[in-house]
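**Q** Annotations for this protein, taken from TrEMBL, read as follows:
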- 1-16: signal peptide (SIGNAL)
- 69-373: domain 'Peptidase A1' (DOMAIN)
- D87: active site (ACT_SITE)
- C100-C105: disulfide bond (DISULFID)
- C260-C264: disulfide bond (DISULFID)
- D269: active site (ACT_SITE)
- C303-C336: disulfide bond (DISULFID)
Amino acid sequence: MKWLVVLSALVAFSECLHRMPLIKGKTARQTLQEQGKWEEFRKQHPYNPMAKFIQSGTESMTNDADLSYYGVVSIGTPPQSFSVIFDTGSSNLWIPSVYCSSQACQNHKKFNPQQSSTFKWGNQQLSIQYGTGSMTGYLASDVVEVGGISVANQVFGISQTEAAFMASMAADGILGLAFQSIASDNVVPVFYNMVKQGLVSQPMFSVYLSGNSEQGSEVVFGGTDSSHYTGQITWIPLSSATYWQISMDSVTINGQTVACSGGCQAIIDTGTSLIVGPTSDINNMNSWVGASTNEYGEATVNCQNIQGMPDVTFTLNGHAFTVPASAYVSQSSYGCMTGFGQGGSQQLWILGDVFIREYYAVFDTQAQYIGLAKSV
């Protein structure tokens, strides 16, 4: 009888989880390489991964050509669907609109306010800065449906102009999952409203990113899914509840400290594809794993050498998280590259999708902790 009670409680709890499937699609880099436009693109739009972490009063975003995970949300009554990047490194939701004439809006879905009976205009403009340009538009509110959850009166941005590089993005827009303290115009983020409106059973969400398969990745709102990880979840307190920022003690290879000597800060960011750090530290890491760096700061390796390359260990708040070469090297028909990118600051690293694919990440907004467990 006791087991029956436990089982029914578990079933009830599992029903409180809301799953947002993520598609692992083609990256902008892959599309542009196929079109023979990649070299021209990266000269025009240099990769600046720290752009969105510079606090300037306006929300910023990076022109990351290697982002590949996105999910479909709907806005309005009746619903209009959009693919968005679920980004723990920013806090606003925005999508293209029918009022946008930029090239980037022409090949993406555009929201039409006149077709939604629940749409309301706001009275503020929105500006989001990029490493190479900006997105401008207006704030408005409507019903937003995410993973089966309908959030009422969600304030979001609808674009009027978009930076040129966004034409190459697979996703239509961005859904930010960081804290309200960094939201442009102090907009209440989508997940805050899920919690406030009693739509999730716990004030946490978790992210599972699959390695190679297109299917299987997801954001789980309201808790965790134990089928996505093995062992225990290690809980790490946030050092700053702005981004999902934690303390990193060191980066080691074969027991030797190769980066973040004496400690640094790191942001767990689903909206950055790579692991990003200061140029000198990243060059040292790439040198240790046998990679050579090109003029764009990308580190290439011989694909035949992957099995013999060393693990890299990131020690976070006293806990070691090891990433093997099979996880930090990406292979394509154009060769093999490490997932360690230049452009971080001495104070701030970004642990992006390369890291999150290895470690299931749990984001607890109330307790202000990040949980990490080995992904299955």
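Yeah, the Cβs are placed from backbone N, Cα and C, and that goes for glycine too.
Just so you know, TrEMBL annotations are computer predictions that nobody has curated.
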**Q** In sequence order, which same-chain residues at least six apart have a C-beta under 8 angstroms from C105 (disulfide bond)?
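**A** Same-chain residues close to C105 (disulfide bond) (Cβ under 8 Å, separated by 6 or more) are P96, S97, S159, E162.
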**Q** What is the one among the active-site residues D87, D269 whose Cβ has the most other Cβ atoms less than or equal to 10 Å away?
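**A** Of D87, D269, the one with the most crowded Cβ is D269.
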**Q** Pull out the disulfide-bonded residues from the set C100, C260, C303, C336 whose C-alpha sits within 10 Å of the C-alpha of D269 (active site).
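**A** Passing the 10 Å Cα cut: none.
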**Q** Mind looking up the mean pLDDT for the domain 'Peptidase A1' (69-373) in the predicted model?
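**A** That stretch averages a pLDDT of 92.
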**Q** Cα distance, D87 (active site) to C336 (disulfide bond), nearest Å?
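**A** Roughly 26 Å, rounded to the nearest whole number.
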**Q** Using C-alpha atoms only, work out the spacing between C264 (disulfide bond) and D87 (active site) and round it to an integer in Å.
**A** 22
**Q** Can you tell me the CA-to-CA distance separating C260 (disulfide bond) and C100 (disulfide bond), as a whole number of Å?
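**A** Cα-Cα distance, C260 (disulfide bond) to C100 (disulfide bond): 43 Å.
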**Q** Round to a whole number and give the Cα-to-Cα distance in Å for the pair C100 (disulfide bond) and D87 (active site).
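**A** Counting only the Cα atoms, the answer is 23 Å.
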**Q** Within 10 Å of the Cβ of C303 (disulfide bond), how many other Cβ atoms are there?
**A** 12
**Q** Neighbour count, 10 Å Cβ-Cβ cut-off, for C264 (disulfide bond): what number do you get?
**A** 21
